[in-house]
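Participant: Once you've had a glance at the structure underneath, I'll fire off some questions.
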């Protein structure tokens, strides 16, 4: 697979050197302003993003960390090492983004696991059970997932439809503009694999992702049992007061902006609570706002044609700088 590089602008040409002739106050102030501006410019970091094939010898621990991040509060329910092995096994498709060469840790990964061919693998069984339990409240979504992901009367290889699990995760400060080329390369690799009669002839793709709800800061509960009952009474009183006021609109946002495009091209999607949601951490997850961040699980099922359509829309909406 070829590499693609995104080059950013080089160092600034602004000259901020002082001169002995600048003795007047106005000149000194101008010089200080230039120096402050130069400091800001120098703090801008230029980074080259290089695209690499996934490497089992190098990317295993980073992939586990990305999986831990992707599964949120429920990451402890799965054997992440086994999932990482499935992602990185020989001849797998997918891409990583690195900045310091092939042997450095990735800043982002995108790959796919063949769920249909791995229905009997323990960790995949566990993952499917988890997903089916989550989608019980969405009947149509749940029914199609059961048809695609459970062993009924047919054998794995005789199934009419095959499903892939897309694993897409990155550092939170990675620009979304790196994602369209990663998806495009994934589609190209799977197309070549189809020609070689490999295991990537998918009809559907399941995407596990994350969103978050912005919530008012919550007061941490005191662990002292003597104060617990008093706190519960206070909370009940607060709820009664809030009930008399107009309800605040629920604010949701995306960790992965490309998920909005994927969701717009499918009817099978949903946002769900984590099993192990830690309410006490909501307030500590505040970033740059007065609100806390309450993460949620996002599940998207999209067919092959609509995934290809989504990638084109990603390229249009998130073009390279």
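Each Cβ is built from the backbone N, Cα and C atoms, and glycine gets one as well.
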Participant: Which is it, of 1-39, 40-78, that Swiss-Prot names as region 'Disordered'?
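Facilitator: The listed stretch tagged region 'Disordered' in Swiss-Prot is 1-39.
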Participant: Have a look at 194-219, 220-245, 246-271 and point to the one annotated region 'Disordered' in Swiss-Prot.
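Facilitator: From Swiss-Prot, the annotated region 'Disordered' range turns out to be 220-245.
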